[in-house]
């Protein structure tokens, strides 16, 4: 299969998945209690004003009809307007998406080298002490809830040692990377979980490669340990690594909702958590859809990179 055809097929699949997710998001949030017209119109609005706003927002129509209106607006780039504060969802995304992407990239930059190293070392010594120790630690780290990891890091580096801020407060109009210290603990929290998951995935992939005939032949020739990992396991891990990065990208965006809330980091996840707490349904719908779209875009990029690095992955796609 050519690369262009692969991209088209993956785009079509991503579009179909996003359509299903949009329906789930809309219908799941549409049943939440609240009077959207009353909130947007304000306390001083007349009955006629509320009725007009209800008609304009299609609130007097069926859920399916409202979804079609909302999805149509989303296709034209209009994700709606929040009920609390009256800000447009697109405006909130413009302010927060760069912050969340910067946090995600930093977490990946911390996690990926560690995961590749640990995955290759353990795969080269399957069943050894290092393999068992790394497997145990990564299993515990992957299973630990992110808010617990965040709380432990905030206590250790913020309260106990006092070397890093416990909350990621930035001045109005300032980006987090202008005060890099506020990004360290959120990124480290995400990186710990990402390293654990990626190590286990890459170890599994590298273990399959280690069982290949040419690797067994290399062992018979006396190639072992780090030399075996660098010469044979690492080159074969490029394509799986790209796909692992894509999976981690989506997972980190999802985990950012919790981590950003714990540290008050000004990202999409923090705004989404605030919108949920305020029962701001339009904001929840728009931000959730945007996060899903970003995660699907990351998966698409991972598939494309894997196909470029290893054309054999295009088969059967």
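Each residue, glycine too, has its Cβ placed from N, Cα and C.
Heads up, TrEMBL stuff is auto-annotated, nobody curated it.
Annotation comment: TrEMBL describes 7-28, 101-124, 136-163, 183-202, 241-263, 283-309 as transmembrane segment. If you look up TrEMBL, you'll see 97-300 marked as domain 'ABC transmembrane type-1'.
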Given the transmembrane segment (283-309), which of the listed stretches 7-28, 101-124, 183-202 has the most Cβ pairs that are under 8 Å apart from it? 7-28
Please identify the stretch among 101-124, 183-202, 241-263 with the greatest number of Cβ pairs below 8 Å relative to the transmembrane segment (136-163). 183-202
Which stretch, 7-28, 101-124, 241-263, tops the Cβ pairs under 8 Å count with the transmembrane segment (183-202)? 101-124
